[in-house]
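Here's the structure, in structure tokens; my notes come after.
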Amino acid sequence: MKRFSISFVLLFLIPLLASCEKQVYIVYFGGHNVEKALHEIQDIHHSYLLSVKATEDEARASLLYSYKHSINGFAALLTPEEASKLSELEEVIAVSRSDPKKYSLHTTRSWEFIGLAEGEGDEKHLRRGGELWSKARYGKDVIVGLLDSGVWPESKSFSDEGMGPVPKSWKGICQTGVAFNSSHCNRKLIGARYYLKGYETNIGPLNATEDYQSARDKDGHGTHTASTVGGRWVPNTSAIGGFARGTASGGAPLVRLAIYKVCWAIPGQEKAGGNTCFEEDMLAAIDDAIADGVDVLSISIGTTKPYPFINDGIAIGALHASKKNIVVACSAGNSGPAPSTLSNLAPWMITVGASSLDREFVSPVVLGNHLKIEGQTVTEFKLENKLYPLAYAADVVNPGISNDVVGQCLPGSLSPAKVKGKIILCMRGNGTRVGKGLEVQRAGGAGFIIGNSQANGAELSVDPHLLPATAVSYNDAVRIMNYINSTENPTARIIPAKTVLHTKPAPFMAAFTSRGPNPIDPNILKPDITAPGLNILAAWSEGDPPTKLSLDHRIAKYNILSGTSMSCPHVAAAAALLKAIHPTWSSAAIRSALMTTAGLTNNMGLPLSDESGNLATPFAYGSGHFCPTKAADPGLVYDAAYTDYLLYFCSIGSINNVDPTFKCPAVPPPAINLNYPSLAVSKLNGTVTVKRTVTNVGHRKSVYFFTSRPPLGFSIKASPSILIFNHVGQKKSFTITVKARGDRTASKVADKDEYAFGWYSWTDGPHIVKSPMAVSLA
Ligand SMILES: *[C@@H]1O[C@H](CO)[C@@H](O)[C@H](O)[C@H]1NC(C)=O
Ligand SMILES: *[C@@H]1O[C@H](CO)[C@@H](O)[C@H](O)[C@H]1NC(C)=O
Ligand SMILES: *[C@@H]1O[C@H](CO)[C@@H](O)[C@H](O)[C@H]1NC(C)=O
Ligand SMILES: *[C@@H]1O[C@H](CO)[C@@H](O)[C@H](O)[C@H]1NC(C)=O
Ligand SMILES: *[C@@H]1O[C@H](CO)[C@@H](O)[C@H](O)[C@H]1NC(C)=O
Ligand SMILES: *[C@@H]1O[C@H](CO)[C@@H](O)[C@H](O)[C@H]1NC(C)=O
């Protein structure tokens, strides 16, 4: 009997173990197969699988995707042994395991999001954009693809009223799925597809109550980013609570949108807690987007830790997109303010950081001692105009709550007997912001004050809480605590919020925006640029409440979110407008135009700062705050082609993982010579000379002069320092020599990881072509 039961157990264990060991691998082949039809490529990929699988059926079942345009390769379910067998084949250049926890959408620290709607939209944008918009004809023949959580097609932001026929270059489809069919696409939303094979292979079948098995957005994020790029002009829209009433509009209101849904709900988890996007699904989406004919890709997705380019599906997909001159804009990440926290670092993408708008939702707290403290919120719920008893969450917890939960209003932590009828001060840290409100509500609190943690500093992210609330800075939270400690019966009042425009200073860098230096290649300065990403209003999914909490039953057509997810589509929209004005420009030229014309001052005429007023650096903002109007006429551009990126791979030593047929020169140009519109020099020992080439895209005849502000303790010299152009399209090369003036004391660079910053520019008078630089010492 005993023996029987053991073998019985084993019988079940073996197949289970075998299937556990199987993982999704992405198999890359060298060279390209563009001349072959998709079914021929599939046959080839199938034959490779057959060489490691037992049967024809097993080989067929294990294939998730055949890639044709992004890479030549496929994604398949393999055991480690099968993967290693494949990797030994000569034609196979790389086999990489897709890491299921690698990617997610870049809303502020996915567990810390926000929401609301507005009508004011980017009014400032609308006014400033005027001339540029008409020149670009609002982007009308440009196609922008988004990799995201799908779209809510009924939103007014996606109306195609008055739009002309779909551009002839478009080859994509409107894929039918749950609550989505061809009638949901129109002349604005020209394409929609979804990618689920990687998700279902790794996680299991999609739960139909948690997400739509189609391009329809159950999250809100994808609707938000798509409308930020290309939403129509929708007058008199407003948030829940009526905040920010006015006209909502995307950055390029007549651009065509193609939706590629690649991010999905995580089973059994509140949507507020995040979502997941699989590498093999994203690669399939980029593959289709290239074939469909998109001009610009907006990808607000990234990794939480850096991966080498060859192990990052977004980077590899974007590389092949750049070959087709598709501009790829990506979010920099929301892991700031710590250094070296960036994602999406490849030099063929535009890496976008996040900064504020000049708008606040002012809702002060008045304490019982008459002290008035600044706060912000977009909650629609209001307290009466009277003083309420006030308590710090840590003082009103249930017995036995462990230390790290104290003060943070985590689920189940508060004691209803001690909280009832009071305003509660809750600190940020763990848990979602809206979830803290829910906990105060559960315990019977009248309202709550959400205090920043020290890392959040003075940056206030607003939320459409389910109860009266306001958000305060870290210093103010400490002041409130001091008051609570100083008196027997602390009390407070929260004044209802109102929208205030033209606040100063603006923009400032968001605390959450990920910072440089570049953890993958310190020769490339990242991020590239910054754009609005704090408290941004855009369209929302009616399949998800504005707080993303399951207990919230409200429907919001517009919502406010924060994150580099929100800034990335602003830059994608600007790229689309440039593409409309300059259809022949390369993706590198468009990036260069955006970068070299970016602004370095705020609306007080002072240098860009962070949320607490400290001077910000290019490691937060790259070249500066984007300025699409100036970018349309940059004067000169730093151009680069696909071959330049291959030479770059020769230099960093991984060309064989990208294209083994490419013949690297015996001495490839150093990575630092990639023709980039910014300059990073890491561990300088003495002197370095860097080469750059500019192309004249301005006046036929022009003379440009070099000027610079070297980093403290360094000198920089250009040779030649005058560039004379006789025709448009003319290229001129120059070198820049950076020299350390002395030791660390001279540069005030204290140690190896510390950088000094400066800039250089070429100017002919009307144009200033500016590049930031960062230097560290050996
Ligand atoms: C698409 O779905 C809608 C319902 O959402 C339905 O009314 C319509 O008939 C469908 N159209 C097609 C072409 O299937
Ligand atoms: C699907 O999700 C719902 C809501 O989260 C949950 O109640 C249900 O149990 C899930 N179904 C399955 C099969 O997991
Ligand atoms: C805007 O909408 C609000 C509420 O829907 C309405 O009360 C108001 O009259 C509208 N304003 C304009 C100018 O149409
Ligand atoms: C969050 O929770 C983790 C695990 O309980 C703890 O280690 C960490 O210190 C907490 N962070 C904050 C900011 O409270
Ligand atoms: C308030 O008092 C408590 C002890 O009662 C102490 O732990 C806490 O640090 C004090 N907070 C401030 C800001 O002084
Ligand atoms: C800098 O270069 C000099 C001369 O080539 C060499 O002797 C020295 O060790 C280098 N210093 C560092 C810190 O690499």
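Every residue gets a Cβ built from N, Cα and C, even glycine.
According to TrEMBL:
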type     : residues : note
ACT_SITE : Asp148   : active site, charge relay system
ACT_SITE : His221   : active site, charge relay system
ACT_SITE : Ser565   : active site, charge relay system
DOMAIN   : 24-98    : domain 'Inhibitor I9'
DOMAIN   : 139-624  : domain 'Peptidase S8/S53'
DOMAIN   : 413-479  : domain 'PA'
DOMAIN   : 673-775  : domain 'Subtilisin-like protease fibronectin type-III'
SIGNAL   : 1-20     : signal peptide
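There are 30 other Cβ atoms within 10 Å of the Cβ belonging to Asp148 (active site, charge relay system). Asp148 (active site, charge relay system) sits 10 Å from Ser565 (active site, charge relay system), taking the C-alpha atoms as the reference points. For the domain 'Peptidase S8/S53' (139-624), the mean pLDDT of the prediction comes to 94. When the domain 'Subtilisin-like protease fibronectin type-III' (673-775) is classified with DSSP, helix, strand and coil residues number 5 helix, 60 strand, 38 coil.
Between the C-alpha atoms of His221 (active site, charge relay system) and Ser565 (active site, charge relay system), the distance comes to 8 Å. When secondary structure is read from DSSP and collapsed to three states, Asp148 (active site, charge relay system) falls in the strand class. Note on the domain 'Inhibitor I9' (24-98): DSSP counts are 28 helix, 23 strand, 24 coil. Taken in sequence order, the active-site residues Asp148, His221, Ser565 that lie near ligand 3, meaning a CB under 6 Å from one of its atoms, form an empty set. Taking the Cβ of His221 (active site, charge relay system) as centre and 10 Å as the limit, one finds 31 other Cβ atoms among all the protein chains shown.
The number of other Cβ atoms within 10 Å of the Cβ belonging to Ser565 (active site, charge relay system), over all protein chains shown, comes to 33. In three-state terms derived from DSSP, Ser565 (active site, charge relay system) belongs to a helical segment.
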